[in-house]
Amino acid sequence: MISKSFIKSSFIYTIVGALPLASSILLLPFYGNQSLLTTSDYGMLAIYLTIAELGRVLFTFATDNFIGLNYIHYSNSEKQKETFIGTSALFMLLYGVILLLVLSSLGQSIFDLAYPGKNINFFPYGFASLLTGMLNGNFKAYTTLQIYREKPLPYFWANITQVSIIITISIVGLYLKPLSLDAPIYARLTASIVSFIWAFSFFISHGKLTIDFKILKRLFSYAAPLYVYYLLYWIINNIDRYLILGLISKESVAIFDFAVKVTMALELFQSGLAGAISPKVFKLWKSNNDNPWGTIEINKYYHVYALINIAIIPLYYFILPIAIPLVVNNTALYSSFCFLPILFATRATRIWYYYLSSPIFYFQKTKIMPIVFATVAVFQVGLTYMLIKLMGINGALWANFATRLFQATLIYLYVRTFYKLNINTKKMFLFPGINILCLILLFILDLNVFLNVAILATITSISSYLTYHKELDIRSIKRMVLNRD
């Protein structure tokens with residue numbers, strides 16, 4: 001029987017953990033207010049925010065992941081635990097400071113080399129973003145550690161405090177000093193400083209700030225592949241904005257980023273639902289003696305996952321063009337409406353990613369993932385550059401879609417080497433594929449947005465019924481997701 005405390009803590013970790021990403025969505029009405037921020041400034045803000053995320057990845061060396069997952073190995077001895085926490089925290093701080101100094105000295109030169117003639121400055125916002133990333137990396141290590149310490153309340157209050165500071169200072173600052181990036185940039189820097197103090201106070205009180213070279217060696221061995229993986233993941237998710245900035249304009253970055261951000265709620269929903277399904281699927285593998293093959297019971301979860309993800313798209317597509325003009329008055333950003341079909345198609349391919357990556361993580365076959373992501377990153381950079389040159393923003397959208405398909409294909413080919421999928425092709429590939437194809441055709445035809453919604457809703461309804469009419473029982477779906485008998 002699942003305890004109430006487990007449900008409560010799982011809810012906190014899932015929902016609160018998504019707040020930093022959700023805050024970017026919540027602030028869109030203010031970033032999209034032309035009285036508060038110009039379109040070009042919004043474009044540069046999108047760039048600086050990705051720099052902050054890059055800084056978080058670069059400066060932590062995946063120590064945030066190491067300190068969380070390895071906490072249990074050192075928790076039997078109080079002395080070992082203190083040394084482990086102290087070594088990890090001290091390394092992360094020293095490595096981050098050294099790398100920050102190096103990159104800060106090279107920052108303007110990198111900008112000038114990447115964007116000649118664009119007059120893009122590294123100081124002050126680029127430096128502030130890197131510093132924000134470094135401080136947030138330490139905070140991420142702290143929050144990850146709270147999960148493995150099974151301390152949901154500190155995790156909750158730490159994240160709520162950070163997000164509240166970001167939202168409050170951003171909104172107040174934009175009204176006090178409009179048409180400037182000061183408020184959104186320094187709001188995040190302020191929040192990261194407070195979060196860093198919170199996190200490092202914990203590391204000092206619960207750890208011994210010294211370097212244990214045995215622990216450090218284990219950290220390097222464990223974190224190095226993950227470090228590469230996270231850097232490649234950042235490239236796959238963010239490089240298109242940098243190429244758009246170099247090949248087109250700041251305004252184009254704003255329009256592209258806005259379109260991506262408004263569809264990001266689907267990504268949050270997908271990852272949250274996948275997180276709810278994974279423990280149930282892992283339990284089924286365990287009960288089947290860890291046999292590396294799919295069963296009807298396992299695949300049913302992903303059939304429901306595919307159905308819910310596809311069915312929600314027409315509803316979300318209908319809401320966005322109505323809701324956005326009510327809260328965003330920068331009409332230049334409305335041109336992103338025509339990009340929604342291909343972005344929805346791209347999000348829909350994540351159904352296959354979550355389905356195929358699940359056995360990789362359960363059976364601990366992750367060593368090849370950096371190679372997969374490196375291949376995907378090279379593919380994306382080359383294709384995005386070429387298609388932007390040919391087609392502008394549309395080229396970035398096509399490249400993004402093609403990259404996700406390519407990624408899913410590579411993972412599929414790898415998974416087949418150690419795991420028998422036993423796929424129901426109709427439900428797992430044909431059903432999502434038909435709806436993705438419909439979205440792609442709607443993007444190409446460029447029809448009226450509400451006509452698009454009507455066509456998509458019709459196709460989704462018909463394909464859902466034809467595929468799932470025998471299982472289309474709301475009570476059984478609810479019971480499966482909640483695991484209630």
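Heads up, the Cβ atoms here are built off N, Cα and C, so glycines get one too.
Among the features that TrEMBL reports, transmembrane segment is placed at 12-31 (among others). Among residues of the same chain six or more beyond the transmembrane segment (12-31), those with a C-beta under 8 A of the stretch's C-beta atoms are 37, 42, 45, 49, 143, 147, 152-153, 155-156, 159-160, 162-163, 166-167, 170-171, 174, 184, 258, 261-262, 264-265, 268, 271-272, 275-276, 327-328.
For 43-62 (among others), the entry in TrEMBL reads transmembrane segment. Taking Cβ pairs closer than 8 Å, the transmembrane segment (43-62) reaches residues 24, 31, 37, 91-92, 95-96, 99-100, 103, 120, 125-126, 128-134, 136-138, 140-141, 181, 184-185, 188, 219, 222-224, 226-227, 230-231, 234, 238, 241-242, 245, 249-254, 257 in its own chain, all 6 or more past its ends.
The transmembrane segment feature in TrEMBL is assigned to 83-102 (among others). Cβ atoms under 8 Å from those of the transmembrane segment (83-102) belong to residues 55, 58-61, 63-64, 66-67, 70-71, 74, 130-131, 134, 137-138, 141, 145, 200, 203, 206-212, 215-216, 219 of the same chain, restricted to positions at least 6 beyond its ends.
Residues or ranges marked as transmembrane segment by TrEMBL: 122-143 (among others). Counting only same-chain residues 6+ beyond the ends of the transmembrane segment (122-143), those with a CB under 8 A from a CB of the stretch are 17, 44, 48-49, 51-60, 63-64, 67-68, 88-89, 92-93, 96-97, 99-100, 103-104, 107-108, 110-111, 155, 158-159, 162, 181, 185-186, 188-189, 192-193, 195-196, 198-200, 202-203.
Outside the transmembrane segment (155-176), and at least 6 residues removed from its termini, the chain residues within Cβ reach (under 8 Å) are 12-13, 16-17, 19-20, 22-23, 26-27, 30, 33, 36-37, 139, 142-143, 146-147, 182-184, 186-188, 190-192, 194-195, 198-199. Among the features that TrEMBL reports, transmembrane segment is placed at 155-176 (among others).
Annotation source TrEMBL lists transmembrane segment at 188-207 (among others). Sequence-distant contacts of the transmembrane segment (188-207), counting only residues of its own chain at least 6 positions beyond either end whose CB sits under 8 Å from a CB of the stretch, comprise 49, 52, 81-89, 93, 128-129, 131-133, 135-136, 138-139, 141-143, 158, 161-163, 165-166, 169-170.
Using a Cβ-Cβ cut-off under 8 Å and counting only residues 6 or more beyond its ends in the same chain, the transmembrane segment (219-236) has close neighbours at 50, 53-54, 57-58, 61-63, 65-66, 69-70, 87-88, 91, 366-367, 369-370, 373-374, 376-377, 380-381, 403, 407. Annotated transmembrane segment per TrEMBL: 219-236 (among others), in sequence order.
Taken from TrEMBL, the feature transmembrane segment covers 304-328 (among others). Distant neighbours of the transmembrane segment (304-328): 28-29, 32-33, 262-263, 265-266, 269-270, 273-274, 277, 334, 337, 340-341, 344, 347-348, 350-351, 354-355, 427-428, 431-432, 435, 439, 449-450, 452-453, 456-457, 460, 463-464, 467-468, 477, 480-481; these residues of the same chain sit at least 6 beyond its ends, with a Cβ under 8 Å from one of its Cβ atoms.
Positions annotated as transmembrane segment by TrEMBL: 334-356 (among others). Away from its own ends, the transmembrane segment (334-356) comes close to residues 255-256, 258-260, 262-263, 266-267, 270-271, 274, 302, 305-306, 309-310, 313, 316-317, 320-321, 324-325, 328, 393, 397-398, 400-401, 404-405, 407-408, 411-412, 415, 428-429, 432, 435-436, 439-440, 442-443, 446, 449, 452, 456 of its chain (Cβ-Cβ under 8 Å, at least six residues beyond either end).
Feature annotation from TrEMBL assigns transmembrane segment to 368-391 (among others). Beyond the ends of the transmembrane segment (368-391), by six or more residues, the same chain brings 225, 228-229, 232-233, 235-236, 239-240, 243-244, 247-248, 360, 398-400, 402-403, 406-407, 410-411, 414 to within a C-beta distance below 8 angstroms of the stretch.
As annotated by TrEMBL, transmembrane segment applies to 397-415 (among others).
Summarising the annotation, TrEMBL assigns transmembrane segment to 427-444 (among others). Beyond the transmembrane segment (427-444), the same-chain residues lying 6 or more positions past its ends with a Cβ under 8 Å from any Cβ of the stretch are 299, 302-303, 306-307, 309-310, 313, 338-339, 341-342, 344-345, 348-349, 351-352, 355, 397, 401, 452, 455-456, 459-460, 463-464, 467-468.
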Checklist line | Tertiary contacts of the transmembrane segment (397-415) (same chain, 6+ residues out, Cβ under 8 Å) | finding: 236, 240, 256, 339, 342-343, 345-346, 349-350, 352-353, 356-357, 359-360, 365, 368, 372-373, 375-376, 379-380, 383-384, 386-388, 391, 421, 440, 443
